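*Asks:* Sharing the feature lines straight out of TrEMBL:
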{"type": "DOMAIN", "residues": "B:5-78", "note": "domain 'Glycine transporter'"}
{"type": "DOMAIN", "residues": "B:90-163", "note": "domain 'Glycine transporter'"}
{"type": "TRANSMEM", "residues": "B:62-80", "note": "transmembrane segment"}
{"type": "TRANSMEM", "residues": "B:87-108", "note": "transmembrane segment"}
{"type": "TRANSMEM", "residues": "B:114-135", "note": "transmembrane segment"}
{"type": "TRANSMEM", "residues": "B:147-165", "note": "transmembrane segment"}
Amino acid sequence: MLLYVYLIAITAEAMSGALAAGKRNMDLFGVALIAFITALGGGTVRDILLGNFPVGWTQHPGYIYLTIGAGLFTMLVARFMHHLRQLFLLLDAMGLIAFTVIGCDVALKLGYPLPVVVMAGVITGIFGGILRDILCNRLPQVLRHELYASVSLLVALLYLSLRHLGVDEDLNLLASFAAGLVLRLAAIRWHWSLPVFSYAPGRWNG
Amino acid sequence: MLLYVYLIAITAEAMSGALAAGKRNMDLFGVALIAFITALGGGTVRDILLGNFPVGWTQHPGYIYLTIGAGLFTMLVARFMHHLRQLFLLLDAMGLIAFTVIGCDVALKLGYPLPVVVMAGVITGIFGGILRDILCNRLPQVLRHELYASVSLLVALLYLSLRHLGVDEDLNLLASFAAGLVLRLAAIRWHWSLPVFSYAPGRWNG
Amino acid sequence: MLLYVYLIAITAEAMSGALAAGKRNMDLFGVALIAFITALGGGTVRDILLGNFPVGWTQHPGYIYLTIGAGLFTMLVARFMHHLRQLFLLLDAMGLIAFTVIGCDVALKLGYPLPVVVMAGVITGIFGGILRDILCNRLPQVLRHELYASVSLLVALLYLSLRHLGVDEDLNLLASFAAGLVLRLAAIRWHWSLPVFSYAPGRWNG
């Protein structure tokens, strides 16, 4: 089950990368590269940080084709994408949760301490989007808008807590996805966001 | 032969990094660092992604001196560089091709699947320039202008095809360089570029 | 002794990251993440470049809590920070020196050649700040303002020279900190900086 959700997730992330590249008037190659990095960059950063070689996608060339294909396909259908906006946000939320759970699992298997496991989940969830925004020369959106990175953090904590309590894996996945989706979609619907820190040093304290 | 081309390549890339740093009014240290990263960053990203430690330049300290030296030298001669613009573009194109072929070779030796070998070649070719542009806070030029990243991709595909067909290595290198140079220089001369994807969501679809 | 200085250092760096995030109106999560990356990013980049796994902080979860805590604490006290500006600059300078010395030690233990050891020291010293600035979508400050990266370089060279001469480790640390602090604080006081390279190609030479 998680594999199918993962394939949907990297497809949705690749499409979000392609749209960001389109906003910057990138060429075909730029669209393909940013789609690829948005979809698989989070897992890549996690694998490198954890010393987990070979990096995941290098053993699954199909993921390369899928994400690049999704990016190029997005160029063709971009003009119709706003009709699918609701669906797209749903898939993106499912991707965020799937990435988070998979990231935790990888770090758990490698025997890292619990706080590192949580960070591995969150990094897998959000770093694709952060790399996308760095390449598109804009501030990381995931650190500023409606609850997004926080959903990843809460899903990681919930998933690991239920796991610690011995809850059946399938049930755990179901609960984590349900809680994460409800939280993320509610955040979009009612514009929930974290407090913002605005620091504007005056002239006298530079 | 490839070694000499490689040394010319990292020198040319270091100089392009120094010029980009100069456009941002960086200090001496910034120029040296960005020259170094532009020249050796592509190979570094490749080695890290492939888990190929120790990273190349750490075993050849001479490369550090060469790239930093080339960067600082560029500060002295920058005012005359526009007289050498043609030569510089030629060296840069040779560098792109050399990096691509070397990147493919490294991934081949490590036994990675073919699509990963192609990506290793392209990443070695273009990521130095991408890191340069990220550090200089601008959009990656290689994803927007005349054919550049695509030259790297086509060279990788040609080189690996000829290799697969059993063509002699020297002949293969010659053919790959010839084809890549012709394509890149023609792209510069006649402003060939890939189709651009421009996506500007309207007010009503965010 | 070095451990205490290190803990002070990552706290000061985390606070500088939080302030930078506040200038960009990031949310709570963004502040925490950028504090963490500013404090521990330099060492992380060094460990990855040197193939030194597991990466340092993954074995010391306390560092994660400390840096995130320092980042969030900064949100509360930011309005009073300008009263502590002098202290903050002093702690930041101590951090730069501590990071540099620790970075050299790590590369030495792994048997890397001397130029790579120097680079490992400098990268540990300055890359946290560079990653902070990339995430905040601004030019790396450490490559443009008063002597900063150069202090890291000179400290690395002094520390390794004294070590080579057989000077006692404690005495060496004392001398390296003294020299580094004097140089950095003098640079701030009298606005010492490196020559700047300004390159503005005319319309005719692109």
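Cβ from N, Cα, C; glycine included.
For each listed feature, how buried is it and what is near it?
*Replies:* In the predicted model, residues of the domain 'Glycine transporter' (B:5-78) average a pLDDT of 95.
Per DSSP, the secondary structure of the domain 'Glycine transporter' (B:90-163) breaks down as 60 helix, 0 strand, 14 coil.
For the transmembrane segment (B:87-108), same-chain residues at least 6 beyond its ends with a Cβ under 8 Å from one of its own Cβ atoms are 2, 5-6, 8-13, 15-16, 42-43, 46-47, 50, 52, 81, 116-126, 128, 148, 151-152, 155-156, 159-160, 173, 176-177, 180-181, 184-185, 188.
With a threshold of 8 Å between CB atoms, the same-chain residues lying at least 6 positions outside the transmembrane segment (B:114-135) that come near it are 13, 16-17, 20, 34, 37-43, 45-46, 49-50, 96-97, 99-104, 106-108, 141-143, 148-149, 152-153, 155-157, 159-160.
Among residues of the same chain six or more beyond the transmembrane segment (B:147-165), those with a C-beta under 8 A of the stretch's C-beta atoms are 93, 96-97, 99-101, 103-104, 114, 117-118, 121-122, 125-126, 141, 171-173, 175-176, 179-180, 183-184, 187, 192-194.
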